[in-house]
Amino acid sequence: AALQRVLVPLLCLWALLLPAGTGAASRGLDVASYRERVRAMFYHAYEHYLESAFPYDELRPLTCDGQDTWGSFSLTLIDALDTLLILGNVSEFQRVVHVLQEGVDFDIDVNASVFETNIRVVGGLLSAHLLSRKAGLEVEAGWPCSGPLLRMAEEAARKLLPAFQTPTGMPYGTVNLLHGVNPGETPVTCTAGIGTFIVEFATLSHLTGDPVFEDVARKALKALWKNRSDIGLVGNHIDVITAKWVAQDAGIGAGVDSYFEYLVKGAILLQDKELMAMFLEYDKAIKNYTKFDDWYLWVQMYKGTVSMPVFQSLEAYWPGLQSLIGDVDNAMRTFLNYYTVWKQFGGLPEFYNIPQGYTVDKREGYPLRPELIESAMYLYRATRDPTLLELGRDAVESIEKISKVDCGFATIKDLRDHRLDNRMESFFLAETVKYLYLLFDPDNFIHNDGSDFDVVVTPYGECVLSAGGYIFNTEAHPIDPAALHCCRKRKEEQWEVEDLMREFYSRKKTKKFTFKRSPDHSEGENAENPEDASSEKAGEKRNSRKSSHSLLSCPSQSFNSKLAVLGQVFLDDT
């Protein structure tokens, strides 16, 4: 694949997230110490899951046993897998991969959430597949376009496809993994349960070559877009057969949240201007009708009148999402509002009444959710504001003080009196601990700015991987966007390479140049073959229809200059 198409988008994405200043620790906060405390938190929870709960989905920390919650997949093990590598535990990553290959079966008579299975199981397996080489696993020929974890992810995703067979293309919320959609299944699905597939399903399509996954995900996204209200808002629940809105509350939180998240992340992952344009239109409507003093309320989707003046803990992802589109100032102001709630309770209650400044009845719990920590991680990469590290510090202190028990970390049932519930959701290890660790680990490979990368050979040519710019799915499973360019050879990529070779030949008449390959890359053709007429015509045809500068691209720069910056091409003028 042409390096220009792969590397430039990654550098563009992380240009936003590079530090604005040089300061590391702030106000005496010992970043390394908190990083190690987060590591200890992970292993306290993980080891007790293995001892007391495996092969069940989740640990019950108060009774030191396990339970199946989302389909009997050993879910915590799948969800925690890429966190192991981020913490540097290569040997355990390798062991768990073998355990999952031998023990997980999707051909079972279980009713499973389409949404949760996608973000946790499909997303977790895809991420682990793309990280396998970095984790030292021996990958099969053709990787990343093939591999056992990819086949598992594809098998799980195919079990979900019957849910999308509706007149609207919007999926049912639940599917039986053996029999498909049950005849009496409710057609009412939340908005997030319809619009949270493009990251995983597009990745699957690009890696496997089967377009069905990306196609159904796009059709579902566009169906929601088509059914937005005249003032540009979407509701909370919709009938996937009739496209009638059942719940008409519009906001950025529960039931809607990851739909907006995936428009942005899908746009970045796929360099898709249409998805970004959709989000930006929604963003205007959200600001016009739901934003008040840097809080976001719930409103009636057709009228814009306030229906619920509450902040939900799930909404705390929003500042992180704003940072990805460069709206850092607004993101920080909203983040600071949310942080005041954390300071008030030592966590974020599920619902918080903004005018009253207190919790909402029966919504006082905190199940160790990651969203505010996630936003802190993104914003710290963008600003280096020490306040963001302080949130991380407060999160570690609160979780350890309130939630830690002998067998793991328990959901906080009520933040007012710190009563606990007998559950540790898998997202605690997949997201909460991961984002905390990344907040305190500025040198983690996830934060790679593109200065380091690998070149691998696939049946489709050379492929750049591990250059950074990872896209986290909504369960915090990182997807390497460069991998999406590895498994098919596009005509325009061929033209770009041919253009580069022509430029090299023209420079050879006046300059000396060398082409540097990665140390572990076998020597191959070095542009010694003459250009043919068809390549020249193809390049001329492409150059004659140049489009305007993309909003999702960095400023124009010659191809060989971009490679030179990355240490791949060196021009010698002497």
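Cβ coordinates are placed from backbone N, Cα and C, and glycine is handled just like the others.
Pulled from TrEMBL, these are the features on record:
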type	residues	note
SIGNAL	1-24	signal peptide
ACT_SITE	E116	active site, proton donor
ACT_SITE	D257	active site
ACT_SITE	E350	active site, proton donor
ACT_SITE	E371	active site
BINDING	T474	Ca(2+) binding site
REGION	515-555	region 'Disordered'
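Structure with TrEMBL features highlighted.
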| residue | record | Cβ neighbours (10 Å) |
| --- | --- | --- |
| E116 | active site, proton donor | 20 |
| D257 | active site | 25 |
| E350 | active site, proton donor | 21 |
| E371 | active site | 24 |
| T474 | Ca(2+) binding site | 25 |
Check: Any idea what the Cα distance is from E350 (active site, proton donor) over to E371 (active site), rounded to a whole Å?
Finding: 12
Next item on the list: Between the Cα atoms of T474 (Ca(2+) binding site) and E116 (active site, proton donor), find the distance and write it as a whole number of Å.
Entry: 10
